[in-house]
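Read through the structure below, which is laid out as structure tokens, and then see the notes.
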Amino acid sequence: MAMLLAWALLALISVSEQGPHEKRLLNTLLNSYNTLERPVANETDPLEVKFGLTLQQIIDVEWNDYNLRWNDSDYGGVKDLRITPNKLWKPDVLMYNSADEGFDGTYQTNVVVRNNGSCLYVPPGIFKSTCKIDITWFPFDDQHCDMKFGSWTYDGNQLDLVLKDEAGGDLSDFITNGEWYLIGMPGKKNTITYACCPEPYVDVTFTIMIRRRTLYYFFNLIVPCVLISSMALLGFTLPPDSGEKLTLGVTILLSLTVFLNLVAETLPQVSDAIPLLGTYFNCIMFMVASSVVLTVVVLNYHHRTADIHEMPQWIKTVFLQWLPWILRMSRPGKKITRKTIMMTNRMRELELKERSSKSLLANVLDIDDDFRHVPPPPNNTASTGNLGPGCSIFRTDFRRSFVRPSTMEDVAGGLGGHQRELQLILRELQFITARMKKADEEAELISDWKFAAMVVDRFCLFVFTLFTIIATVAVLLSAPHIIVQ
């Protein structure tokens, strides 16, 4: 079967003949044609070349060759020819800012020549151009890339480039890209006089305006970062007694660090500007690191005891009074309001003044000093059971009235023994009272430190939540656009 197909193809080729008129026309046109000659009737006239660009990597170049004109009726109605470009003159139009290894990335196709001398050259190609990328608003950025085309050797007096379409490039065959959205491709004709040459040179510059699609970056970079930062905020709601507060903060910091390493591969590696996304991630990283540091402070406050630390007065004022009042926090059995704060401070001042004027015994037993100045009873039989501080006067009057002189020494000895016992009982009461008071003070101080740690936790929760919201909203609002699908 393969042999039969080959013989059939050979048979078709053997019977095909070139048209006699087209052959005679080619011989007539190319017999004396010189590819180095600029095809104009007068050497002083510029050759007009219409230049267009289709974004599907095809250049449209049109010019009129004076030497390639014929009357179609003389050649059997042949109106156009396809001639290889190496046999014809063609403009040396190149892309000035090309980054291709061969500088010209076009494929040399045939030139379509018509009987009126117009030549259409449509070489497909993939162009690589140098373009300055602005990553300030990455990934919400717009990029403008210029493609500058012009003749390399002909000046504007010899070759005049004209835009084929004033609107710019042809976008009808453009294939949409998953990463970039095409805004437009306007074109502009420029006439520039370079320092090397006095003649003006004409170029046509097409500006490709593209916008990055942000849907991928929004749901794969920004949303995970916000979720990780939210987990760091939840760490401030975890009780310090659970033992996992610091572990959670360090774990979140490590996970964010690993995530930032993946993001760093996506960010453009340039130092001209800091990308907007990089600024946002640095803010979140700073917030998470600060949360770990403040978690250590919270744990330090929570586990302080009265034997090692003494709470300064400024901590009591800030973390036990004003800051809880601002954060609308309360303690069991203690209502924190502005009025109670002012009243507590006033009572503390009065208590210090009162304690400084009371005796040691009154401070220990928490009783008034007035009983020390009670006058002795008016009669000898009153208040025989009172053993207060005025008992010495009472005993003297008692001995003087009712005890006979022979038994006075025995009574005095007995009362002296009772006085020593009362002194021992008083010392025991003082010791027990001091221990109980010290235990109460230690428990109250530990409770104050724990409440201060809770206040710091609540304050950090509000501050970092507000910081995360403001940073996220500021990044989204400062971007030129948010979501481009």
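From the backbone N, Cα and C atoms, a Cβ is placed for every residue, glycine too.
Because TrEMBL annotations are produced automatically, they should be read as predictions rather than curated entries.
Among the features that TrEMBL reports, domain 'Neurotransmitter-gated ion-channel ligand-binding' is placed at 22-214.
Marked as domain 'Neurotransmitter-gated ion-channel transmembrane' by TrEMBL: 221-475.
The signal peptide feature in TrEMBL is assigned to 1-18.
The transmembrane segment annotation in TrEMBL covers 215-234 (among others).
Annotation comment: TrEMBL describes 246-264 (among others) as transmembrane segment. Counting only same-chain residues 6+ beyond the ends of the transmembrane segment (246-264), those with a CB under 8 A from a CB of the stretch are 221, 224-225, 228-229, 231-232, 234-235, 238, 277, 281, 284-285, 288-289, 291-292, 295-296, 299.
Marked as transmembrane segment by TrEMBL: 276-301 (among others).
Summarising the annotation, TrEMBL assigns transmembrane segment to 459-483 (among others).
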Looking only at residues six or more beyond either end of the transmembrane segment (276-301), which have a C-beta under 8 A from one in the stretch?
136-140, 217, 221-222, 225, 228-229, 232-233, 235-236, 240, 245-246, 249-250, 252-253, 256-257, 260, 263, 267, 449-450, 452-453, 456-457, 460, 464, 467-468, 471-472, 475, 478-479
Between 0 and 100, where does the mean pLDDT of the domain 'Neurotransmitter-gated ion-channel ligand-binding' (22-214) sit?
88
